[in-house]
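One structure is given below, encoded as structure tokens.
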Amino acid sequence: MSSSSSDIILITNLKNILSQLNFYFGLFIFIFGIVGNTLNILILSQRTLRSNSCVIIFLASSAAGIIAILSGLTSRVISGVTVDLSSTISWICKLRGFILYTSRAVTFWLIMLAAIDRWLLSCRDAHRRNMSSKSNSFRGIIIITVLSILIHSQLFYCFEANLVDTPLKCYTKNIECRLMNDLTFAIIVILLPLILILIFGWMTILNTRSTRNRVEPMTIINQPIKISTTKKRSKKTDQRLLIMLFVQVIFLALFTLPLALQKLYATFTLNIPKSTLQMTIEDFIYQIALICTYFATAMPFYINTLSGGYVFRKAMYTLKNSIIQIVISTAQNNTYPLGTVHSVGSGDLNVYDVVGDSETKTKNNVAMIVLYDIRGFNVTNTRLFCERLAYEYKIRVLMPDFFRDQPTANATWPRVEQDLLTVNTYLHSEGYTKIGLIGFCWGGLRAMKACGNGNNVSWTNTPFFTGISIHGSQLNVPDADVLQVPMLFIRAGNDPSFDSITAVLDQKLFGSRCEYKVYQNMTHGFVSAGANYSNPANVAAIDDVHQTLRTYLSKTVASTYPFGTVHSIAGSELKVYDVVGNNGATTNNNVAMIVLYDIRGFNVTNTRLFCERLAYEYKIRVLMPDFFRDQPTANATWPRVEQDLLTVNTYLQSQKYTKIGLIGFCWGGLRAMKACGNGNNVSWTNTPFFTGISIHGSGLNVPDADVLQVPMLFIRAGTDPSLDNITAVLNEKPFGSKCEYKVYENMAHGFVSAGANYSNPANVAAIDDVHHTLQKYLTKILAW
């Protein structure tokens with residue numbers, strides 16, 4: 001075979017290999033680079049990193065790298081499957097060349113700028129160290145971009161399409177242009193930055209060594225030297241960024257120097273005659289070297305992952321969790337109604353407004369105003385909380401934008417107070433009459449302030465029926481001291497204790513209605529901005545918070561009745577919870593009812609709520625004695641219970657109440673039944689009570705039924721024992737026809753008092769029916 005034929009075969013093979021490399025390796029670098037640089041931008045954009053001046057430069061370099069890859073490799077990849085338009089259309093060729101060379105120069109020069117930034121930061125001179133700043137990084141990025149544009153603007157003249165005998169069809173059109181472009185690329189874009197990087201890198205190393213070796217005289221006064229966590233973290237970040245920079249520089253030199261050397265060789269041998277084979281080989285080398293420069297542009301993310309240590313990998317892990325949370329939040333948002341952003345009042349206050357469903361206004365006309373945390377108005381997790389609450393509890397939820405895209409410090413209390421009044425007025429105009437507050441962190445304290453009448457508020461009586469603080473920040477005793485309505489307090493395990501707040505609120509009339517819940521295994525922010533929806537424990541905690549909220553709100557919405565007072569009966573040690581229905585409760589035949597609580601005792605919110613509702617709706621006096629006196633239940637023997645009932649009865653008669661009845665829950669149901677009879681275990685011949693009511697009474701028995709002297713109403717749950725044997729005995733009594741019995745088959749024991757579940761609509765409906773049944777029964781018995 002002749003040498004000419006061998007040359008032709010080799011030339012053909014080299015061109016085929018090059019075509020395959022351009023397509024497959026180019027496609028690999030294209031995907032590899034776009035994904036890597038995009039991830040780099042997402043990770044370095046995180047708050048913990050982006051305050052660093054070097055990170056700002058890396059961010060800009062990654063953005064320029066994406067542009068370089070898109071403008072340079074797109075045409076190479078598609079040329080393997082279709083026509084490359086930049087090879088045939090002049091203006092596309094010129095534009096592509098300009099964008100490619102400009103962005104690639106910016107990418108490399110910014111790495112040089114990062115090296116200078118690290119040197120400045122390592123200097124002993126404070127003035128030089130201060131020059132390493134975000135503002136100077138931005139200035140440097142702008143200057144480099146402008147210079148690159150000016151230097152490469154000549155490409156609009158020099159580049160041309162449809163050229164022959166050039167490495168690419170879209171290339172510099174004459175010797176002068178080729179000479180200028182090759183030398184510019186080799187010297188200004190590649191060699192000069194690398195030389196400067198080496199110089200400043202070496203000076204950085206020297207400065208670092210000098211700092212480590214420098215020993216300054218110090219007087220130690222037996223006190224530990226403390227370095228703040230922030231400074232330690234910042235120093236660690238700076239060290240890792242320096243390592244990341246040096247590794248990038250090494251790979252940058254490795255992948256860009258071959259093209260720079262090839263460009264210089266091509267320039268210096270421009271006038272030397274070359275054979276077709278030699279030109280093909282040189283073209284092959286040029287193309288391989290060119291592909292390597294794209295690899296240099298694509299690699300920063302992968303280098304950072306390997307060399308960035310804990311700092312970069314932690315940021316990457318945080319990004320992964322954020323993406324998972326967004327995906328989960330988006331999936332959950334498909335379940336809940338999305339809110340709308342609109343303005344209220346004079347128009348400068350925006351709110352995120354979520355309506356639970358078309359029936360929302362029928363749910364007691366309740367609306368909740370959410371006060372967000374320090375992260376502000378546009379946080380996905382906080383909006384998701386609003387959407388879920390509105391949907392599951394079927395209420396209106398509004399979240400005002402208190403910050404208005406301004407610094408947090410501008411949201412002073414007077415402005416927050418005015419915003420709350422603006423939203424409150426708007427909701428009242430929409431027909432909502434019960435408006436409460438929910439605050440996270442920053443908002444938790446403001447919700448507490450707004451539920452009181454301290455010196456810093458403009459109202460005498462708070463316009464809000466309740467407040468909820470979720471991992472509230474800086475909650476304090478003075479604000480607790482002037483609180484006017486019940487509140488629910490929820491905190492994480494690492495939040496401050498509620499003890500001082502609890503001690504103050506326990507002394508208030510509504511103290512028993514305040515509730516407190518701690519999620520020991522959670523950290524601050526776990527419900528709102530800091531919620532981690534990729535963590536099953538966090539998701540379970542959020543579910544429980546919503547359940548707790550709904551239960552609390554249901555009870556509090558239902559408790560718009562007069563608060564009772566705790567006092568002692570004159571001349572005795574017996575305390576009572578005393579509720580007067582209206583103006584002395586004398587309008588309903590001077591009726592009073594004594595409530596005998598269940599085994600849970602005197603301070604149960606649900607049992608007190610029963611007393612308040614009965615007193616308010618039936619307009620009677622209701623007293624609940626503390627039979628247990630904070631002692632074991634066994635100490636409340638029947639003789640002592642009987643004496644307590646007589647004490648209260650005597651007190652009520654002295655208050656002009658002539659018709660006194662009994663209502664007992666569980667433990668109290670049996671005692672109410674005993675007290676309405678004249679068995680051997682009572683001290684009276686005729687019961688002093690006109691009726692008794694047993695609600696899910698425990699231990700009811702035939703002997704006590706046999707000596708009953710007045711009608712009774714018996715209410716039980718489906719899980720409570722049958723009343724058939726009691727009914728059989730009482731049917732034989734003269735008042736047997738006046739006794740009534742009601743069974744709530746779908747309810748469980750305790751559903752009216754301590755075990756009431758106000759977040760369960762069926763339980764709430766059953767409680768409503770119990771009150772209606774009680775009032776009808778009492779009206780009939782009083783008329784008998």
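Just so you know, the numbers here start at 1 and follow the chain as drawn.
Backbone N, Cα and C atoms are what each Cβ position is placed from, and that goes for glycine too.
As the structure is a computational prediction, the values presented were derived from the model and not from experiment.
Per TrEMBL, domain 'G-protein coupled receptors family 1 profile' is recorded for 36-304.
Residues or ranges marked as transmembrane segment by TrEMBL: 23-43 (among others).
Residues 22-23, 26-27, 29-30, 33-34, 37-38, 40-41, 44-45, 49, 84-87, 96, 99-100, 103-104, 106-107, 110-111, 113-114, 117, 134, 137-138, 140-141, 170, 241, 244, 294, 297-298, 300-301 of the same chain lie 6+ residues outside the transmembrane segment (55-78) yet bring a C-beta within less than 8 angstroms of a C-beta in it. The transmembrane segment feature in TrEMBL is assigned to 55-78 (among others).
Counting same-chain residues at least six beyond the ends of the transmembrane segment (98-116), those with a Cβ under 8 angstroms from any Cβ of the stretch are 54, 57-58, 60-61, 64-65, 67-68, 71-72, 137, 140-141, 144-145, 147-149, 151-153, 155-156, 159, 181, 185, 188-190, 193, 196-197, 200-201, 204, 245, 248-249, 252, 256, 293, 297. The transmembrane segment annotation in TrEMBL covers 98-116 (among others).
The transmembrane segment annotation in TrEMBL covers 137-157 (among others).
The transmembrane segment annotation in TrEMBL covers 183-205 (among others).
Annotation source TrEMBL lists transmembrane segment at 241-261 (among others).
If you look up TrEMBL, you'll see 284-303 (among others) marked as transmembrane segment.
Looking just at the domain 'G-protein coupled receptors family 1 profile' (36-304), the mean pLDDT is 77. Here the transmembrane segment (284-303) has long-range neighbours at 14, 17-18, 21-22, 25-26, 29, 32-33, 35-37, 39-40, 43, 58, 61-62, 65, 68-69, 72-73, 104, 107, 167, 244, 247-248, 251-252, 254-256, 258-259, 262, 266, meaning same-chain residues at least 6 beyond its ends whose C-beta is under 8 angstroms from one of its own.
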